[in-house]
């Protein structure tokens with residue numbers, strides 16, 4: 001007998017009118033173990049350069065009907081790229097706009113993954129006690145030790161990051177100083193912070209989560225309502241080219257901008273980023 005799982009969003013009792021994804025959508029799009037593989041870096045980086053992770057610090061995303069989607073950074077999209085980069089020798093620091101702790105979509109955590117979960121536990125304090133992004137930005141110069149900025153996905157990236165002057169300043173610094181910018185899924189929404197000032201990403205091509213897919217997710221109860229705006233439309237208005245219109249786990253390199261389309265791209269993006277950064281920084 002087949003057990004039918006509900007497509008109704010699940011109540012998040014920690015906040016009024018807030019919801020987690022439905023049982024059905026979680027059964028389709030999450031797994032207790034990840035697809036982590038290919039972590040093979042026999043000559044890891046041994047220098048001082050590291051990764052700056054710009055993480056989400058807000059959990060609740062309003063939808064068009066007033067209901068709140070309980071979100072944050074997607075664990076797979078955050079941890080798999082970082083696992084590869086760490087294995088390749090690159091340490092990382094975490095910053096949020098407020099300096100308050102990173103919010104994760106714990107309902108997507110691969111809680112039975114014997115590699116990813118110990119990695120998360122090892123670095124949990126970085127996410128619980130991040131730097132304040134404004135303080136990081138104030139210290140940036142041409143000699144700063146950050147080799148890359150990484151903006152993880154999850155719908156939490158739609159909250160605050162697209163309007164942040166500090167996010168814009170960090171991205172402008174990275175691009176001006178020939179650093180890598182790595183992102184996937186909804187993470188590229190952070191690039192919208194550049195639209196109100198100098199936009200060095202005009203003309204770049206990226207992968208990202210398709211707006212068309214976001215418009216379908218309420219049908220299966222992934223979100224409790226529709227988004228009030230769509231980041232892909234806005235990225236195109238600022239001169240960026242989104243090369244995918246579906247979700248296949250695709251990754252893309254445009255100079256030092258490395259992007260992926262979804263959580264299904266997290267492992268491949270991690271491998272791409274590790275390989276590209278080792279090639280750039282290997283002594």
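These residue numbers are counts, starting from 1, taken along the chain as shown.
Note: Cβ is positioned from N, Cα and C throughout, glycine not excepted.
What you are looking at is a predicted structure, and each value in this text was computed from that prediction instead of being measured.
What Swiss-Prot records for 185 is active site, nucleophile, and it gives sequence analysis as the kind of evidence. Sequence-distant neighbours of residue 185 (active site, nucleophile): residues of the same chain at least 6 apart with a C-beta under 8 Å from its C-beta are 74, 77, 153, 154, 157, 208, 209, 260, 261, 262, 263, 265.
In the three-state DSSP classification, residue 123 (Zn(2+) binding site) falls within a helix. Taken from Swiss-Prot, the feature Zn(2+) binding site applies to 86, 91, 123.
Taking the centroid of the Cβ atoms of 86, 91, 123 as the Zn(2+) site, the other same-chain residues with Cβ within 8 Å of it are 51, 82, 85, 90, 92, 119, 122, 126.
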